[in-house]
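According to TrEMBL, the active site, nucleophile annotation covers A:ASP53. As annotated by TrEMBL, substrate binding site applies to A:TYR111. Sequence annotations record features per position, and here TrEMBL assigns domain 'Pseudouridine synthase I TruA alpha/beta' to A:9-102, A:144-245.
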There are 2 protein chains.
Amino acid sequence: MKNYKIRLQYDGTRYDGWQKQGNTKNTIQGKLEEVCSRMLGEAVEIHGSGRTDAGVHAAGQVANFKSERAMKPEEMLRYLNAYLPQDIAVLSVEEAPERFHSRLLATSKEYRYRVWNSPIPNVFERRFVYQDARSFSTEAMQKAAAYCLGEHDFQSFSSVKRSKKSTVRTLRHLDVERMGDEIRFTLEGNGFLYNMVRILVGTLLEVGEGRRQPESIPWIFEQKNREVAGFTAPPQGLTLMQVHYKV
Amino acid sequence: MKNYKIRLQYDGTRYDGWQKQGNTKNTIQGKLEEVCSRMLGEAVEIHGSGRTDAGVHAAGQVANFKSERAMKPEEMLRYLNAYLPQDIAVLSVEEAPERFHSRLLATSKEYRYRVWNSPIPNVFERRFVYQDARSFSTEAMQKAAAYCLGEHDFQSFSSVKRSKKSTVRTLRHLDVERMGDEIRFTLEGNGFLYNMVRILVGTLLEVGEGRRQPESIPWIFEQKNREVAGFTAPPQGLTLMQVHYKV
């Protein structure tokens with residue numbers, strides 16, 4: 001049995017997210033499984049490093065799949081890019097150790113969230129940014145971001161229903177930069193709960209707008225209640241940039 | 001009568017080009033006239049600096065229109081960006097002298113043509129690049145480009161049927177650069193014939209591929225025959241960058 005690791009990019013605009021759900025074939029995972037199964041002449045199951053929501057993009061998603069068939073990685077790369085839709089591209093294919101698992105062995109992930117902050121719409125990047133022309137204080141957002149770093153129970157910043165699973169995660173970076181008319185959030189952590197990046201960004205934007213104080217962040221953590229955090233920033237601004245593994 | 005000058009951007013992917021034709025409402029000019037007419041409560045005619053073909057984009061198209069109604073340019077800017085589709089954006093609106101005409105007074109135009117030259121497809125820029133994974137010699141294309149500079153009869157590089165109008169134009173820049181996996185052509189000249197940029201780029205790509213010699217360019221000019229030049233590079237790689245006027 002061979003184990004293949006792939007890195008891929010996608011424009012998530014027209015998909016119902018990464019994960020196959022019931023009959024929904026319109027997912028990244030579904031498209032990949034369809035083309036991989038055809039390529040290998042057997043039913044292939046793709047494991048992603050994590051789900052991305054409907055409308056979210058990836059510049060460096062990682063997945064793996066196992067197959068009885070030996071096929072050259074370069075040949076797979078060519079086949080996949082020839083038959084996948086034009087909004088999904090495979091960057092690399094390599095043979096991985098049998099025990100490699102893209103989700104279980106991921107040590108950290110990096111996300112980027114882009115806000116186009118101008119009264120003039122951005123026609124070229126519009127699928128990859130959230131457009132909001134209001135005034136935001138970068139300084140206030142940076143101050144609030146500092147309170148989010150480190151190990152916390154992120155329950156308040158997640159849409160997951162209360163469950164027995166731990167909601168403690170470690171956020172190593174949450175950078176807020178203004179680059180011309182763009183506000184760019186870069187997040188890196190050991191794991192992210194459902195909607196966590198989008199709720200963190202939504203909350204920071206409310207701080208930037210002046211509707212919340214940076215100092216209110218510790219209180220939000222303490223409440224362990226989704227209701228007290230900010231809005232869920234829309235999906236199109238979010239891109240999964242990289243997934244890291246122990247070497 | 002007031003004369004307004006506007007600068008605008010558009011993603012031309014889903015349009016039948018700039019110019020209204022018969023009943024075709026699906027043009028940039030058509031959309032603009034529709035929204036401007038509604039805004040001003042009178043039939044507005046938009047004059048563009050020039051047509052762009054179906055699928056071609058603009059980062060800095062210029063147009064003008066006249067109106068009896070006095071409306072603040074800032075108000076127009078807000079109105080237009082609120083009501084235009086999300087793939088058309090107005091960058092600026094200003095009152096211009098009565099005699100300003102976006103097409104007749106343009107002194108030069110700048111176009112960019114982008115080729116994505118990699119076996120790995122580009123999912124994020126795919127609407128704005130022509131994807132071709134073959135090997136191209138940048139050096140050969142640069143050599144051929146040098147033969148195109150200056151004043152020439154560009155008849156061979158145009159899809160226009162033979163007519164009495166002059167096909168002599170002056171090309172001031174034709175830069176060919178490789179930037180990572182992208183080959184970028186930047187052209188500036190005092191005017192461009194129908195399909196001229198795309199046929200120039202198509203011909204240079206055939207030189208880059210080794211199917212033509214750079215030294216064959218003067219011969220192509222001499223023939224004054226579209227048949228002897230290269231293919232018409234596809235529209236999606238082309239963007240009208242800027243239009244210049246005498247100040």
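Cβ atoms are placed via backbone N, Cα and C, with glycine included.
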Q: Could you pull the average pLDDT for the domain 'Pseudouridine synthase I TruA alpha/beta' (A:144-245)?
A: 96
Q. Rounded to the nearest angstrom, how far is the Cα of A:ASP53 (active site, nucleophile) from the Cα of A:TYR111 (substrate binding site)?
A. 13
Q) Just checking, which of A:ASP53, A:TYR111 (recorded positions) has the fewest C-beta atoms within 10 Å of its C-beta? A) A:ASP53
